[in-house]
Amino acid sequence: MEGFEFFQIILDNSSSRLRLPDKFTRVLLDGGKPQEVKLREAGHGRRFWDVKVVLDADGHMYLGRGWEQFARAHDLRLGYFLVFSFDGDAVLTVKVFDVSMCRRHYQHDGDTSSGSSSDGDSGSSNASDGGSGGNNWSLAEMDVEDGPTGQFSAMLRKCNLGMKQEQYLNVPVDFQLAHGYAERSKVELRMRGKSWLVHLKHNPKTGGRPRASFRYGWHQFCVDNALGEGDTCFFRALRQGSAGGGGEDHLLKVEVRRRDGSFLV
């Protein structure tokens, strides 16, 4: 059970409860019927939120009492993308991505002290509205950048997976501005011990803000990893250490969640 992951998208304005995937429900019930789980926002492991777990007559499981307080404290809104990771011992770690496709980061008043909380303490948020498959690398040599614009996600659509010459993936403006993409010509995507060099295409400025997208090399990355429509890619910026140097290539760690909810490993 430990390490089980799933995602949910906020599709309505109701925040009183959140339905959990049936597959996760079966996994969770395998160890007996739980009465509650603890939620924590990723990166703030000392703060826990007690949330009741309820089952309806059809056997569907929901996060009940306590979820509304968690949602309000983290300002969860329509279209937000939540990634849950089950850490064992009835603890779910939550990553929140807003409609800009960038991850939100929070600072709560109680982060410096330990203990659980389900009292709806609001807190404050800090959020931003040609490849080669043979290069080995080690995360031991790299640090993941965990700032407000250190990562983003994208659910793949037809435009991201079309003909080789037409495939592209837009990079969120806040992310590209934070990492100086206007002065870069390419990025390096790293996943499963391999790397792919992807060139950036710079589009004319819109409203004074330039746009960049993954172009040449993106197709090869998609083909090599058999990516399909509905798959979700999570990109995380890596600080360049001894393995990276200080060149113009921006290093991105990539994780892929398949359309069926499984992770590409």
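Here the Cβ of each residue, glycine as well, is placed from N, Cα and C on the backbone.
Remember, TrEMBL labels are computer predictions, not curated facts.
The following features are taken from TrEMBL:
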{"type": "DOMAIN", "residues": "3-100", "note": "domain 'TF-B3'"}
{"type": "REGION", "residues": "108-140", "note": "region 'Disordered'"}
{"type": "COMPBIAS", "residues": "112-129", "note": "compositional bias 'Low complexity'"}
{"type": "DOMAIN", "residues": "154-260", "note": "domain 'TF-B3'"}
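DSSP assignment over the domain 'TF-B3' (154-260) gives 19 helix, 45 strand, 43 coil.
Over the domain 'TF-B3' (3-100) the predicted model carries a mean pLDDT of 83. Note on the domain 'TF-B3' (3-100): DSSP counts are 15 helix, 39 strand, 44 coil.
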